[in-house]
Amino acid sequence: MSHEKSFLVSGDSYPPQNIVGPQAPMPPYVQAPYPGAPYPQAPFQPSPYGQPGYPHGPSPYPQGGYPQGPYPQGGYPQGPYPQSPFPPNPYGQPPPFQDPGSPQHGNYQEEGPPSYYDNQDFPAVNWDKNIRQAFIRKVFLVLTLQLSVTLSTVAIFTFVGEVKGFVRENVWTYYVSYAIFFISLIVLSCCGDFRRKHPWNLVALSILTVSLSYMVGMIASFYNTEAVIMAVGITTAVCFTVVIFSMQTRYDFTSCMGVLLVSVVVLFIFAILCIFIRNRILEIVYASLGALLFTCFLAVDTQLLLGNKQLSLSPEEYVFAALNLYTDIINIFLYILTIIGRAKE
């Protein structure tokens, strides 16, 4: 009894024909035209890349353009919204996909992750502002004490006859107080470490205030009471106006520091001229220029105190700031007193 094989044996040309189930379609068998002839080859397809060493035959399909459609070809019509041009990709790659909800959608492009150091600027700004405000309050407190001492000394030397007579008879006390004032002024102006060292800076400032108050009171004792009172009132009005104006204006007076220093040299030469030429009109002109110059210095020193312009003082220099404002106000008072006194003669 013979059994037909139902599996493929190595060396067989064709699979068995009695396999159970549907059989896969077989390709048509190509017969040779005559015994011994080779099997016909399929037509050669030309290589699209034109490789050398392979024969190139004619393509079985006619080459040519696509037929023209019934609609005219052209660009797409412009939409109702203007389209923003995109720069071409230099490498011919398609543009990356952008999520409409991402922060880089549209023309906005974020360079990097948000910096948390930016949020720390606000406490620093508030901290600097608080320090500057405390510095301003301290300076005006010291200045108020200085002016109170000077005003009290001027009032005593003006309204008390015994004191007025004593200082008029003892002129040498003026030169002693001037020497003490000059030494303390040089120390506070030139020695930065000393004027920042507490409490010696306040001690030196107190010595300067007392000596200058004595000088101002002695000068005021040579004028009548009415002239002194008028000078005090005018000085108060001028200084208050200049300080308020310096706080509100946008003009930077600190940029004029060089011009003011040159003006001080010119005023000093003018003062030497007035010593040798005793003329009432010339002295009034000199006093007017001096009052105007130190009014400008008061504006500059006020803006240096505020710290909102090109130049500013360090919060550690509250003694130096008070010294500048105090000497400006005293010089304005003395020049105005000279103008009023010479005008009444």
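Each Cβ is built from the backbone N, Cα and C atoms, and glycine gets one as well.
Feature annotations, courtesy of Swiss-Prot:
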- 1-115: region 'Disordered' (REGION)
- 24-46: compositional bias 'Pro residues' (COMPBIAS)
- 79-98: compositional bias 'Pro residues' (COMPBIAS)
- 139-159: transmembrane segment (TRANSMEM)
- 171-191: transmembrane segment (TRANSMEM)
- 202-222: transmembrane segment (TRANSMEM)
- 227-247: transmembrane segment (TRANSMEM)
- 257-277: transmembrane segment (TRANSMEM)
- 281-301: transmembrane segment (TRANSMEM)
- 320-340: transmembrane segment (TRANSMEM)
Spatial neighbours of the transmembrane segment (320-340) far in sequence, C-beta under 8 Å, 6+ residues away: 135, 139, 142-143, 146-147, 150, 185, 188-189, 195, 205, 208-209, 212, 216, 219-220, 223, 227-228, 230-232, 234-235, 238-239, 283-284, 287-288, 290-291, 294-295, 297-298, 301-302, 304-305, 313
Close approaches to the transmembrane segment (139-159) from elsewhere in its chain (Cβ under 8 angstroms; 6 or more beyond its ends): 167, 205, 209-210, 212-214, 216-218, 220-221, 225, 228, 232, 305, 318-319, 321-322, 325-326, 329-330
